[in-house]
């Protein structure tokens, strides 16, 4: 028995070493989670807060907003985390006037704990100091970030850090500043098909996430904050490839939310003609130019409201 | 708790250490400990269904006892019937209720009558088909007086719920596993090392082979109308490896974990894709189930005794029941039917028992004839898998329609790297075909080389693992 335990220990030693290095890497190198957490904690005079997933992360640039704004959205950030972030920070933002929340194709039907992004919840807990009810105390992954992701992903993240010297992909306003290019029409068409396939979750059950949006609106209402529900722009071909019934239902839910809540304004930019193909990085994400356009539209609406 | 999770990586060492250091003195406490951790293991999925395992265990323990006390034929038959009704009743209710109700509704609809649909929402308890068959084997063997009933209730309950093979087999026989619970177990270094090798190999098969194939399979089977015939063929090819890696990987981890605890479970897979005909395939694929059906269904039906017509009937019954065992769907029944159909020529030519030896044992390379035989068998098995993987019969036929179209001759849009990897894997299986498993590498004298091989496999598990997929056989 002693022999076996010794051999197992020796065999596991290099593996444990790699695990420890990965853990140190995740715990010490700043990334979007740690950076945004640090930034938002310092934003006392904030007037506009942007939440949402990659569509707002890359698509709403606070630099083009007249009021003091911060973009707290993140890649694959679901309404579940939007709500937790709002609940965590709202009391520290006494001057907050507007909350911008993105509602896109997957926002309302998004299930919790999906395979692809299941690891992110541990980062929200560990690096954004969120109390995430989805994580149980006996979940080993809540104690080690290195085991939340597969090793190849960790290695790729390390290579990204080695190449870019940083893992932070947003500016000091929280805007995702790495989408700077565009693609031609042929490539855009291919991307539209790929992304549409990826986004089709075949769920029309909006109850859980609609409820969360409503809870966020109610919380804002208590604090006198107005909510802007934004349907972010997307390439027309991508939109057409998705379930039209679902789009209609999303449209009707958003309308209903606007009708039912005095503090809500809906901004539907999904098929806005001002956006051209070269405003997009890919089928459903704006690039820097598109983000400027989108932010200026939102800014105009905010100005009108202020007037 | 899945074998390929951190949870199991924590659970298993704790169980191992407590088992050998804290509970090793008394066999009773060791078995009680195994029973407790097995129930905990199952409860991690859904503790509500623990009652079903407990009920099956109680019924079969009491039936076994009562069988020992009576010699009256009718009474013995009634006791056996009681066990069959309870076990198969539970299995039938949870697994086949919807299937039979829906099938009846469809039949009535054909005759212009509409029956009201069922509103029962029944969840399938994980592993119910496996432990039901295992506990049934005990009662039937006691009834047949092949084994003596156990008087050790803890051993029996631990035998039914033994966690390494509780949810997906191998389906153990009471005659093999139960005595191992009743005698003292000693730590065996060589056995433990082999157990660890099997665990590593099983993780490799599951996480690298099965989970990577699953990505391609899910894509191709979901969007099959968009793909060419050649790509659809490779979809079926990948599924053949997905299900093999998934299920044999699980079995390897189960057998390996049991070995760490001093138990020997039966081999469940033996390089099935190197089979030279379908008869050999079924001696190498899911061995614990095929031998179960052989001993408890096929032979009681008469086996190959009597006329050829009866023999063929028995073969069809076994394959159709085997199909139904896999799931409550016509796709599985048709899958079983296809296997029975291709078994027919073997029966008619009396070649079903051919190829019991290791293929080309003395040679390194296979002959052209052997390559042809293996490829042909693999082709039949792969095409039959299309039914196994499809959501329904219509989808399976549409899949075949797409596959056998003009585009079959186009270049497939699949990962060439994955195809190459699977071919290389099969070459290694061929080279190791006379061994019990792929990682039986004691013939390599250099210890550093052996360790390097283990590290390479561990690295592959960490680096090349596909997105985690549930074990396919859990649904059965």
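Heads up, the Cβ atoms here are built off N, Cα and C, so glycines get one too.
Which of B:282-302, B:408-428 counts as transmembrane segment depends on TrEMBL, and there it is B:408-428.
Checking TrEMBL for transmembrane segment across the ranges B:311-326, B:391-406 points to B:311-326. Of the candidate ranges B:311-326, B:332-349, B:449-466, B:332-349 has the most C-beta pairs within less than 8 angstroms of the transmembrane segment (B:370-388). Count of Cβ pairs under 8 Å against the transmembrane segment (B:120-140): among B:80-100, B:152-171, B:311-326, B:449-466, the largest is for B:80-100. Beyond its flanks by at least six residues, the transmembrane segment (B:449-466) meets 197, 200-201, 203-204, 207-208, 210-215, 439, 441 of its own chain at Cβ-Cβ distances under 8 Å.
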